[in-house]
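In TrEMBL this protein carries:
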TRANSMEM  21-39  transmembrane segment
TRANSMEM  45-67  transmembrane segment
TRANSMEM  74-94  transmembrane segment
TRANSMEM  114-132  transmembrane segment
TRANSMEM  144-167  transmembrane segment
TRANSMEM  179-198  transmembrane segment
TRANSMEM  210-230  transmembrane segment
TRANSMEM  236-259  transmembrane segment
REGION    287-309  region 'Disordered'
COMPBIAS  289-299  compositional bias 'Polar residues'
């Protein structure tokens with residue numbers, strides 16, 4: 001974002017991929033996503049997925065330094081709520097160490113809980129897709145629910161792939177099993193369609209609405225998939241489950257507070273430039289009159305110019 005803003009201020013804007021700052025940002029983004037991928041190989045989905053709220057806090061505070069944004073009271077309040085929720089998440093997250101071998105993942109894939117869960121997901125996704133395609137319903141909730149349903153499959157596949165790679169690096173080869181490549185295909189396919197619907201939502205709606213709703217939906221679907229597929233809360237105490245869910249709720253509220261009423265500043269142009277209209281000078285302006293029936297049109301003082309335009 002900082003790179004794009006700098007390039008936009010130049011008299012002769014250059015392509016963004018020629019900026020060293022842009023490449024630096026992309027490299028850091030790639031390292032962050034690589035770390036996120038590796039985390040799934042060592043920690044439960046129920047812990048890794050909600051910690052995505054840290055990026056929202058980081059973006060809010062770092063934008064003050066690099067993008068010269070104003071620190072709002074809502075940012076401080078939202079950050080406090082999110083940090084508190086993150087502490088509860090880390091403290092009460094399920095801690096069930098298990099070696100996710102290829103054989104264990106195969107067992108999970110053919111289990112009855114996952115079979116029922118998959119059928120329900122497919123039915124709900126098909127219903128939403130029907131309204132999206134046939135009825136042209138592009139409501140933000142419909143789009144982001146489809147993203148969340150795909151995300152649940154993505155996190156299952158990502159954790160499986162990351163875990164098998166981790167075990168292989170430790171000397172327990174898992175990459176020769178067909179399930180490893182099945183999970184890679186599932187991960188790539190679900191990611192591609194997830195990006196498609198998320199991009200549609202970002203195109204139609206404000207980012208301040210998409211980001212918090214998508215975070216809440218994604219985290220909820222990831223936790224549910226982890227509970228059903230990997231059985232992460234199988235032996236957890238009731239108090240731990242309650243405090244964990246309370247931490248998730250605080251994180252959701254914190255993200256919503258940070259994103260609420262945050263709007264990008266748009267350049268207000270009160271006039272129309274006549275430089276491209278034949279017969280008009282570059283300094284000539286048309287002042288639109290919102291109370292007139294000819295809002296934004298040329299004056300009648302030059303009919304020939306009006307006909308040309």
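Glycine is treated like the rest: Cβ placed from N, Cα and C.
Any TrEMBL annotation is an automated prediction that lacks curation.
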Candidates 21-39, 45-67, 114-132, 144-167, 210-230; stretch with most C-beta pairs under 8 Å toward the transmembrane segment (179-198): 144-167
Leading contact stretch, 45-67, 74-94, 114-132, 144-167, 236-259 vs the transmembrane segment (210-230) - CB distance under 8 Å: 144-167
Contact call for the transmembrane segment (74-94) against the transmembrane segment (45-67), three or more Cβ pairs under 8 Å: yes
Sequence-remote partners of the transmembrane segment (114-132) [C-beta within less than 8 Å, at least six residues beyond its ends]: 108, 138, 142-143, 145-146, 149-150, 152-153, 225, 228-229
